[in-house]
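**Q** Sharing a structure below in structure tokens format, with a few things to ask.
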Amino acid sequence: MADLERLSQIAMEIIAYSGVAKSTYIEAARLAREGNFEQAQEQILQGDEVLKTAHETHMQLLQKEAAENTPQVSMLVLHAEDQFMSCETIKVLVLEIIEIYKKLGKEA
């Protein structure tokens, strides 16, 4: 497989895994808003598994670049990096949102 093709494949995998993880985290926030905290936690765990796969794929990209000692930057790779980082940010925010919903539920 050509280098550019492999690089594009890795980037697309990161984008896809990050998107799935992001969706599960958002679903967790929705479930928490409805008071379904156990289901929300299950969604967080599912998202974590997918995010772990995205992280492993991201590491492949970094290792490939380090081994070749020739940084290859494309718009697709930049987009993959952006999606991966935004997913990590969303996870942190959703965890905080869930805690807020729990606290509000105790006060009601």
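Cβ atoms here come from the backbone N, Cα and C positions, even for glycine.
As annotated in TrEMBL:
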- HIS79: active site, tele-phosphohistidine intermediate (ACT_SITE)
- ASP82: Mg(2+) binding site (BINDING)
- HIS79: phosphohistidine (MOD_RES)
**Q** Using a Cβ cut-off under 8 Å and a sequence separation of 6 or more, which residues in the same chain sit near the residue listed as 'Mg(2+) binding site'?
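**A** Those within reach of the residue listed as 'Mg(2+) binding site', by Cβ under 8 Å and sequence separation of 6 or more, number none.
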**Q** Looking only at Cβ atoms, how many others are within 10 Å of the one on HIS79 (active site, tele-phosphohistidine intermediate)?
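**A** Counting Cβ neighbours of HIS79 (active site, tele-phosphohistidine intermediate) within 10 Å gives 15.
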